[in-house]
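As written in TrEMBL, here are the features:
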| type | residues | note |
| --- | --- | --- |
| ACT_SITE | Lys99 | active site, for sulfotransferase activity |
| BINDING | Lys99, Gly100, Gly101, Thr102, Arg103, Arg182, Ser190, Tyr292, Lys308, Gly309, Arg310, Ile311, His312 | 3'-phosphoadenylyl sulfate binding site |
| DISULFID | Cys293-Cys303 | disulfide bond |
| DOMAIN | 91-334 | domain 'Sulfotransferase' |
Amino acid sequence: MLFKQQVLLKQKLLVLGSLAIGSLLYLVARVGSLDRLQPICPIDGRFGLRGQDEIPLRALQYKRGLLHEFRKGNASKEQIRLHSLVQQIPKAIIIGVRKGGTRALLEMLNLHPAVVKASQEIHFFDNDENYAKGIEWYRKKMPFSYPHQITIEKSPAYFITEEVPERIYKMNSSIKLLIIVREPTTRAISDYTQVLEGKERKNKTYYKFEKLSIDPNTCEVNTKYKAVRTSIYTKHLERWLKYFPIEQFHIVDGDRLITEPLPELQLVEKFLNLPPRISQYNLYFNATRGFYCLRFNIVFNKCLAGSKGRIHPEVDSSVITKLRKFFHPFNQKFYQITGRTFNWP
């Protein structure tokens, strides 16, 4: 009898012990799971638009990091689908002008987390062979982006090519168009300098700027010289205005973008209906290079290519005076059409 009672007591103790150990293990597991859940905030952990015109900076910076990985070309179709990435037709295009600062403008706008740039000039609208490939070919040349971001491309030849305004209009009649200009004579000399450098690399000779820009028979400005024609901004703009209202254009001061880039970029942000995100922090002057470089974050800085800021050859002062006098009436008309005045001679 006593033996049976001892056996029953041991069984009860074993049951109670098991229950106690089980309860202790549950509590340990529960506390551990709570610790793991603690860092997840139901508000801060979400990314989403707070309004139609407001884009969360942190979310876009996070997404920009993902885009950088995808641009390496290692992304699978499944990864692209999961991250909702798309290749979008540009909502804005930098259409010109050549040697006005188109590359600098594109790179600086890329500082904005809501902007994604096409790294290469596509030359879709000004190249008949490319244009014949169709709009889907053009779209597939664009970088991956998120639906709420703006894709921007630049091809300065667009501004002076006759067929381009109509072609862009057929694609998107409400697109925003950016034109960056410099003082016309300075721009023409810069244009010449780039061509001259290319000739020198190939050990070829080239005429002096004075001989190209001035007709030797009439001693007047040679309007057949492409560098001169490109600087007659109003002539090209008038062709664009046959398809687009002036409100769809924004004129950027290329000379000011070199010396004071931030105010110019803030005007572009406003034109593109972007929240102000580019600040003085993102721009710093590089004394060695002689122009502003870009700061994306604490570890990633970028300066434009070394070919930017070429030293111009000396040009006869009488030729410069003649060119400035020639451009003056065209400049005045350009001011009148665009509503923006520049301090050009």
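A Cβ is built for glycine as well, from the same backbone N, Cα and C atoms used for every other residue.
Overlay of TrEMBL annotations on the structure.
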{"residue": "Lys99", "record": "active site, for sulfotransferase activity", "contacts (Cβ under 8 Å, 6+ apart)": "Pro156, Arg182, Arg187, Ser190, Asp191, Gln194"}
{"residue": "Gly101", "record": "3'-phosphoadenylyl sulfate binding site", "contacts (Cβ under 8 Å, 6+ apart)": "Ile180, Arg182, Val252, Gly254, Leu257, Ile258"}
{"residue": "Cys293", "record": "disulfide bond", "contacts (Cβ under 8 Å, 6+ apart)": "Leu283, Tyr284, Phe285, Asn286, Asn301, Lys302, Cys303, Leu304"}
{"residue": "Arg310", "record": "3'-phosphoadenylyl sulfate binding site", "contacts (Cβ under 8 Å, 6+ apart)": "Ser190, Thr193, Gln194, Glu197"}
{"residue": "His312", "record": "3'-phosphoadenylyl sulfate binding site", "contacts (Cβ under 8 Å, 6+ apart)": "Thr186, Ile189, Ser190, Thr193"}
- Query: Looking only at the domain 'Sulfotransferase' (91-334), what is the mean pLDDT?
  - Reply: 95
- If you draw a 10 Å sphere around the Cβ of Arg103 (3'-phosphoadenylyl sulfate binding site), how many other Cβ atoms fall inside it, taking every protein chain shown into account? 18
- If you count Cβ atoms within 10 Å of the Cβ of Ser190 (3'-phosphoadenylyl sulfate binding site), leaving out that atom itself, what do you get? 21
